[in-house]
Amino acid sequence: QPVTPELLVSPSSQDGDLGSECPEDRGNWTGRLDFLLSCIGYCVGLGNVWRFPYRAYTNGGGAFLVPYFIMLAICGIPIFFMELSLGQFSSLGPLAVWKISPLFKGVGMGTILIVSLVAIYYNMIIAYVLFYLFASLTSNLPWQHCGNWWNTDLCLDHHVIKTGNTTFPVNITNTVSPSEEYWSRYVLHIQGSSGIGNPGRIRWNLCLCLLLSWTIVYLCILKGVKSSGKVVYFTATFPYLILVMLLIRGVTLEGAWKGIRFYLTPQFDHLLSSKVWIEAALQIFYSLGVGFGGLLTFASYNTFHQNIYRDTFIVTLGNAITSILAGFAIFSVLGYMSQELGVPVNQVAKAGPGLAFVVYPQAMTMLPLSPFWSFLFFFMLLTLGLDSQFAFMETIVTAVTDEFPYYLRPKKASFSAVICIALFLMGLILTTEGGMYWLVLLDDYSAGFGLMVVVITTCLVVTRVYGMKRFCRDIHMMLGFKPGPYFRACWMVLSPATMMALLVYNIVKYQPSEYGTYRFPAWAEVLGILMGVLSCLMIPLGMVVAVLQEEGTLWERVQQASRPAMDWGPSLEENRTGMYVASLAGSQSPKPLMVHMRKYGGITSYENTAIEVDREIEEEEESMM
């Protein structure tokens, strides 16, 4: 029996009471599809249904798909893959991952601030969806006719128009549909508020819907990815079933082709406009959810060798195809509606909440079995919204528990409850009569230029400060191959340059917020801009803290703080091959890889990679000498 010299035995393999001091295990996904479905559920959200179709038709119809797919290739796929790689390599959340370069930890703080603000108002939208879902459980939809206590003299029923067309002309320019009055005067009760500064009373039915939506979210993330990873099997797949049903119903309606033709007729002259390219990049940016930390968080629960390269293409292309399909489902119904009302399609087409809570519900009332179709539509919106909200919450909880693993990991369920209650209380202002003004303000500013600054900084830090060569080597160690020239070119130049252009465009073309005819006062604009600036200010604030924790002259401190932390690298010991073995706590071995082989047995294909990486490092060191 050969005796192994003490030098080659890793300290962690010796018996001792060190185990009792280790933080509780983070956990992993329990099923093979948990991660993939969670990413699909996170990316495919409300924006695919209510933003993409409208953006496409206003920016050149079918021609919009050209810049859309080009921007997906330049901006979407590379940053998506970068975020997944960072999360999976380190098994850390959006704050702790900045061990890669502690000087820039403020980027993680900015991300958490943005995600918290978005989570507050996103759950309010889910609350509106729940409100409509319950309202659909009747034999007659409440927004079908005029004559209710909330209706005004301007209300005009579409049934009246239809019968009226044959006998006398009806002037519909100064009228309002029953669905619009139901939304603004009954659901929001916006007439009770004079503006953002006077929100009025809390609408208790909306408040209860918000409480219910937070309760659903909490119950689903109660056990972290172990519970949310199972819920997404339903919430990520069921919307597709409903979308296909709505699509089949839509295209079989009379006049559907009018809407589809309107949606897809290519107007190639639009491609000469910079606005169309910017709109395409914005759609990709927000639709894939890069920069919010959700992708990084989900990837951090993967096993070390999960094929995220393949998953990147499945999720990004699946997301794009879903958006296009949703456009057919929406515009086929809008075409039918325009035929019924005898007005052009562009008069009924809207984006955002206007489409989901006014136009589409009105179209539902024109169909046979309208409560059934209405229930299906809102149930689809509920499932689309929920899995995006799971991601936002998981990001916040994971980020903070990874910072304080000893204290918070064992109490993760209680900590999640505290976060949900805090965000629910902050969101109460959105349930008031003027809550919609606050929601618009949050929507316009919380994830605007602040998010872009966060993503640009991340891109530059990984490629310039940490180093492209080192990042590619990490991916090689994890996946068994290095990213090709396409990814390297995008990370180094194309992606940051495109986002810089987006940022400049957003600042130059800045327009004050508005809701319908209401213009926001100056103080509200300033508050909105501060929301965006605060997330950017986290970056210099983090730098100051990091520099103060180092020793030496200012320049030495900056250099030390920008280098990766000593414990940066894969979280599990068996994955720390090559250069990372030497950075294990207490490692004294001159031949780290031998320790690794001694402890974990033979050479796998990934250890082969590690030997290659070691050889590369040695060659680099020799060439430098």
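Yeah, the Cβs are placed from backbone N, Cα and C, and that goes for glycine too.
Small disclaimer: the values here were computed from a predicted structure and weren't measured.
All protein chains considered, the CB of G41 (Na(+) 1 binding site) has 28 other CB atoms within 10 Å. Residues or ranges marked as Na(+) 1 binding site in TrEMBL: G41, N48, S287, N319, L384, D387, S388.
For V44 (Na(+) 2 binding site), the same-chain residues that are 6 or more apart in sequence and have a Cβ closer than 8 Å to its Cβ are A236, P239, G318, N319, T322, L384. Per TrEMBL, the feature Na(+) 2 binding site maps to V44.
When Cβ atoms from all protein chains are considered, those within 10 Å of C155 (disulfide bond) total 19, not counting its own. Under the heading disulfide bond, TrEMBL lists C146-C155.
Feature annotation from TrEMBL assigns region 'Disordered' to 1-21.
Look at TrEMBL and you will find 35-53 (among others) tagged as transmembrane segment. Here the transmembrane segment (35-53) has long-range neighbours at 29, 125, 225, 228-229, 232-233, 235-237, 239, 263, 283, 286-289, 294-295, 298-299, 301-302, 306, 311, 314-316, 318-319, 322-324, 326-327, 329-331, 351-353, 355-356, 380-381, 384-385, 387-388, 390-391, meaning same-chain residues at least 6 beyond its ends whose C-beta is under 8 angstroms from one of its own.
Per TrEMBL, the feature transmembrane segment maps to 65-86 (among others).
The transmembrane segment annotation in TrEMBL covers 107-134 (among others). Here the transmembrane segment (107-134) has long-range neighbours at 46, 94-98, 187, 205-206, 209-210, 212-214, 217, 291-294, 353, 356-357, 361, 374-375, 378-379, 381-382, 385-386, 388-389, 392-393, 395-396, 399-400, 423-424, 426-427, 430-431, 435, 438-439, 442-443, 446-447, 450-451, 453-454, 457-458, 461, 531, 534-536, 538-539, 541-542, meaning same-chain residues at least 6 beyond its ends whose C-beta is under 8 angstroms from one of its own.
Annotation comment: TrEMBL describes 231-248 (among others) as transmembrane segment. Counting only same-chain residues 6+ beyond the ends of the transmembrane segment (231-248), those with a CB under 8 A from a CB of the stretch are 33-34, 37-38, 40-41, 44, 220, 322, 325-326, 328-329, 332-333, 373, 376-377, 379-380, 383-384, 386-387, 390.
TrEMBL lists 280-301 (among others) with the feature transmembrane segment.
Among the features that TrEMBL reports, transmembrane segment is placed at 313-337 (among others). Non-local neighbours of the transmembrane segment (313-337) in the same chain are 36, 39-40, 43-44, 48-49, 52-53, 56-57, 65, 68-69, 72, 76-77, 80, 240, 243, 246-247, 250-251, 253-264, 283, 287-288, 345, 348-349, 355, 359-360, 362-363, 366; each lies 6+ residues outside the stretch with a CB under 8 Å from one of its CB atoms.
Sequence annotations record features per position, and here TrEMBL assigns transmembrane segment to 372-392 (among others).
Taken from TrEMBL, the feature transmembrane segment covers 413-439 (among others). Sequence-distant contacts of the transmembrane segment (413-439) (same chain, six or more residues past either end, CB-CB distance under 8 Å): 116, 119-121, 123-125, 127, 188-196, 198-203, 206-207, 210-211, 214, 217-218, 221-223, 393, 396-397, 400-401, 515, 518, 520, 524.
Long-range contacts of the transmembrane segment (445-466) within the same chain: residues 79, 82-83, 86, 100-101, 103-104, 107, 110-111, 113-114, 117-118, 121, 285-286, 290-292, 491-492, 495-496, 499-500, 502-503, 506-507, 513, 528-529, 531-536, 539, 562, 564, each at least 6 residues beyond the stretch ends and with a Cβ under 8 Å from a Cβ of the stretch. Residues or ranges marked as transmembrane segment in TrEMBL: 445-466 (among others).
Among the features that TrEMBL reports, transmembrane segment is placed at 486-508 (among others). Sequence-distant contacts of the transmembrane segment (486-508), counting only residues of its own chain at least 6 positions beyond either end whose CB sits under 8 Å from a CB of the stretch, comprise 71, 74-75, 77-79, 81-82, 274, 278, 281-282, 285, 448-449, 452-453, 455-456, 459-460, 462-463, 468, 471-472.
Here TrEMBL flags 528-548 (among others) as transmembrane segment.
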Recorded positions: C146, L384 - member with fewest neighbouring CB atoms within 10 Å: C146
Alpha-carbon distance [C146 (disulfide bond); S287 (Na(+) 1 binding site)] in Å: 37
Contact set, same chain, for the transmembrane segment (65-86): CB under 8 Å, 6 or more residues outside the stretch: 56, 97, 100, 271, 276-277, 279-281, 283-285, 288, 290-291, 295-296, 298-299, 308-309, 311-313, 315-316, 320, 324, 455, 458-459, 462, 471, 474-475, 478, 483, 486-487, 490-491, 494-495, 498-499
Same-chain residues near the transmembrane segment (528-548), Cβ under 8 Å, at least 6 residues beyond its ends: 98, 102-111, 113-114, 117, 441-442, 444-446, 448-451, 453-454, 457, 513, 520, 554, 557-558, 561
Shell list (Na(+) 1; ref centroid = CB of G41, N48, S287, N319, L384, D387, S388; cutoff 8 A): I40, Y42, C43, V44, G45, L46, G47, G289, T322
Distance, C155 (disulfide bond) to N48 (Na(+) 1 binding site) (CA atoms, angstrom): 31
